[in-house]
Every structure is written in C-alpha cells, then in structure tokens.
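What follows is one structure encoded as structure tokens, with my remarks underneath.
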Amino acid sequence: MDEVTSQHWGLLPSGPDMWTAALWSPQARAVSVVVDGTPTSLTRGTDGTFRGTVMAPAAAAYVFDVDGTRIPDPAARQQSGDVHAPSLLTIPPQSTNTWTGRDWRDSVISEIHIGTFTKAGTFAAAAKKLPDLADLGINTVEVMPIAQFAGNRGWGYDGVLPYAVHPAYGTPEDFAAFVAAAHGLGMSVILDVVYNHFGPAGAYLHSISPDFFDANRTTPWGPAIDFTQRPVRAFFIQNAIMWVRDFGVDGLRLDAVHQIQDPSTPEFLAELSTQLRALNLPRPLHLIAEDERNLPHHRDAGVTDTQWNDDYHHSLHCLLTGENEGYYAPFAADPIRDLATALTEGHVDQGQPRPGQDAGAKPRGAPSGHLPPQAFVNANQTHDQIGNRALGERLIALSSPEAMQVAHAMLLTSPFVPMLFQGEEIGARTPFPFFCNFTGDLADAVRNGRLSEFSAFSGFDGALPDPLDPQTFHGARPYDAPPPDAADWRDLTARLLTWRRAVVLPLLHSGLTLARAQIIGPKALRVTWQFNTGLLNSTIQLGQPVPTGNWPAAQTQLSLGSPQDDFAFHTWIEQT
C-alpha cells in the first residue's frame, strides 16, 4: 500500500461494526469521533492526521469534534440531512458488473444534469430515461457533479462534500444502480468532478484545516487549494478512486484544471492519473480535462485522454450569432477560418496573437495539430455555454433550426468525440439558466453578482431569471415539453449516428494521417480528413450556398438540403 492509498480520510469499514477513522487537522489539539453522543478520541500523527478505531453499526450518525467544534465528516459518504447535518456511517457500494467498457474513439456523449434530466430529478428516474438515448446511438453519459452541495437545487459545482452523493438525487446505492443500468445498455458513464475549489456554504475544511488551502492564491469561485500538501492530494485521489472502483464509473471529467496549480513533482494531476490507471480495471479509464490554457502536454504524456474543445464551440457560435463580446471577441473576427482550424487542428488558440485579445494579454495555447481527433471533445452546446448566458438560451434559440441541423450533422459526423447537451438530440429549445438554492446573505450575493456580471454586456436589459426561484430550476427540464419537431430531430440524430458507426468509425480506427480545410465562402467550407483507409469529406454551409452550385458525387454519401441552400451539409467517402 503506497502513501496516498494509505492516507484515507473519513470513516471506512474495517470489520463488523468497526471503522477506521482519519482526519487531517494539523492545527487541532484534540479530535474525536462522536457517534450518537458517544465520543471516541483519535490519536494525532506526526503529519497532523488524527487516527483511530470506532465501534458502531452502519447507518449510525456521527460527527467529528475538533477542539470542541462539532462538524460533519469532510469525507462523509452520506449525510443524515443537509451539508451541516451529522454524517452517516456508510459501507461503500461494491461494483460487481462485468462491463468491459469501450474504445474512447467510439464515444458519443450526452452531458446530463440529474436534477433536470427528468421531472423526478433522481438517479432512479434518470436510469429509466437512458434507453431513449441508447436507442439513438448515444453511448456515453457525462453526469454533471453529484457531490453534495448546500440546498436542493444547483448545477453541482458548489459541492462541499465530495464523497457524498447529493441526497436530492438519491442514495449511494441509487447512483451505483444508475451506473449499472447504463452499463447494461452498453453505455459508459463519465462523472464530472470538481477538485479546484469548494462551494461557499458548508465547507468546514476552512476552519479545521486551513492548511488545506493556498493562502497566496484564489480562484474565481473561492480560495485555491494547496496541492503540495500530501493529505490534500490523498483527499482528492481517494475520492477519484472511490467513484471509479466502488461505483464503477468509466472516467472523470476534471473541472477547470487550470485552477489546479501544483509545482510538485509529480504534479497532482499526473499522480491522480497514475493512481487511477494502477487500479487495473477490466475496462478502459477515460480522463477528460477542462483546461482553458489549451495546452496539449497532459494529453501528450497520457495524464489525460482528451479535453473539452471550447474553441470549436466559440467559432461556431460566433459564425451563427455574430456575437463579439467577452471571450467571443477573438473568434468573431474570422469565425469561418477559426472553425476550419478547429476541424483540422483541434484548438484554434495555439500560442499565436489573436484579434480582439485584451491589450497585454499573453497568447493562449500551444500547437495541437499533432494530437489525434479523440483528444478533443467537441460540442455545439454545453451547460457552460448555455447556462453562463444571462437568459440561458440554447444556440438553436439564437440562430435557427436549419442552422443547428447543419451544425448537428457537422458535429456527429466529424472524427472528434462529439458531445450533446441533454435535449439537444431532440432539438430542445428549453433554456438552462444558472440556478441554486442558497439562503440569506449568500442568496442575495448570488443575485447581485449575476446582475453585475451581465451589466457590462451591451445587449443586457436587466432581465434575468432569479437563480433562487424554484421555477428557474423546473423550467430547465428539456423533456417536459418536447418541441413540435422533436420526432424529426430524433430521426436526424439516429440517422447521423448510424452513419458515424458504419462509415466514420472504421476510418477513424485506421488512423488519421492528414486534415485540411478549404474556405469556399464567408460561411462555408469543405474539410477533408485523410485516413489510412480512405478520405472523409464534408461540405458545410452555415449561411450561404456552395459557390459552384453542386456537390461532388460519391457512392457513399449523406446529405442535408442541397448545394443551393444557405444551410446544408454533404459528407462523402473516397476509398484509397
């Protein structure tokens, strides 16, 4: 057993009604575990970790007493109530299914939020909804964070108990059953985890373990975490191991890794990856990064497998909407050229100066064209890009169904890993605004902060959904009232994914050797991906007809519209 594996946090079963307890609190003088009013003192180690053995039955309520202050377990597997309530002694689930996973190149992802994916908003209800996605050819779900946060409603990125599933969604056993149900349908499960900050309500680590945080740095969402501390690294690595080993998830989406700053060798992310891959799972492990730096080094080194490619989204968004403020500014100058770059090289920002960049800003990124297509997750819409707008509009509401059908075809038939956002497969227009369930001064701060954030944008008129209003949450459910053309969208999604499986994947598995794009108009381009066994070509019309008035004929082809239409798509294969 190595150092990180041995440095567990919280209370883990070690025998019948026996639990091994551990809490890192280097400033504390005395720590005990109190179970149903009965304290058990823990012994301080040289590293500031208090350890001991506690005798109690499973499901008993307990708290840590740290120098007289009673708090829930920061590594609680389950709570008796909200984030301030006592924790429950919980035996971790044991994943026993024989699922062998899938090749990452074959993945088609739907990003889902458990609370709004169904009307019930639970793991059990979500499991019953999965066949609708599987029937279309969607074979992976990426679940937005489920770690417990304050209140019942939220996106999940304000979690404060990373080991505990959010009780509004169900129990640990319910989530394990959800994963097993997905695997039974041949679907992979990726879990979104937040290791860069804690939410603003209920994070008791600030008071009992101030050394957990970096006093010299902060993130946009709160105090930064000090990953040079071994117990801190163990806290998150053990959390990742729990999700993968105990619950059986197929991988993790690592939120905002640019805010995980660590000068150690090995750095935290490298150690996390090494520890997870050492589990020797019977299935492939997939690590997805969100990293605004556009750096390929983690993918080159095998630390992560792939990364969200926001540059692709921004290029498409600017092309279809004409928006040019905020982070869209660099992509608004020549969006068709940026889209061509995204479809051939992955990232657009590769370390070069960019138009619309703030004066003095350091160029972002590094060359990425050497990476394979599966190193990029492309999406036309994500929770971020929809929900971080004032009104939470989907791109289809900002453009047109015709434009989005072409974008849909482009996304699902290109060799990159495609990701949809819940409801996108049926053309949902339902907004996904920011929502939460805070109270008191924190609730007021969120409201005022949202107003201040959007007041700088020229088109903002002050109208903003109240993030605290339950209706803002309820109105974000995409399947409650499907659009009138939902059946047409389902048919289109199924058709495109059938093509992807039959035509694109065999080419992709043979290996990409070259990608090139030709801009054939201000809003049209032709892309060719050369593989070892053939050429995949696409003509993409996002606002203008093909200048020549025709498309190349081919034996194996798929089309939407015609060359004379403003919005049309044509893809074809040339065998070599």
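Every residue gets a Cβ built from N, Cα and C, even glycine.
Per TrEMBL, the features are as follows:
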| type | residues | note |
| --- | --- | --- |
| ACT_SITE | Asp255 | active site, nucleophile |
| ACT_SITE | Glu290 | active site, proton donor |
| BINDING | 253-258, 310-314, 383-388 | substrate binding site |
| DOMAIN | 111-450 | domain 'Glycosyl hydrolase family 13 catalytic' |
| REGION | 347-375 | region 'Disordered' |
| SITE | Asp384 | site 'Transition state stabilizer' |
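Features per TrEMBL, on structure.
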| residue | record | Cβ neighbours (10 Å) |
| --- | --- | --- |
| Arg253 | substrate binding site | 25 |
| Asp255 | active site, nucleophile | 24 |
| Ala256 | substrate binding site | 18 |
| Glu290 | active site, proton donor | 19 |
| Asp310 | substrate binding site | 25 |
| His313 | substrate binding site | 22 |
| Asp384 | substrate binding site | 19 |
| Gly387 | substrate binding site | 19 |
Practice task
For Arg253 (substrate binding site), name the DSSP secondary structure in the helix/strand/coil scheme.
Solution key: strand
Practice task
May I ask for the distance between Glu290 (active site, proton donor) and Ala256 (substrate binding site), taken between their Cα atoms and rounded to an integer number of Å?
Solution key: 5
Problem - C-alpha spacing of Asp255 (active site, nucleophile) relative to Asp310 (substrate binding site), in angstrom - result: 13
Practice task
Determine, to the nearest whole angstrom, how far the Cα atom of Gly387 (substrate binding site) is from the Cα atom of Asp255 (active site, nucleophile).
Solution key: 16
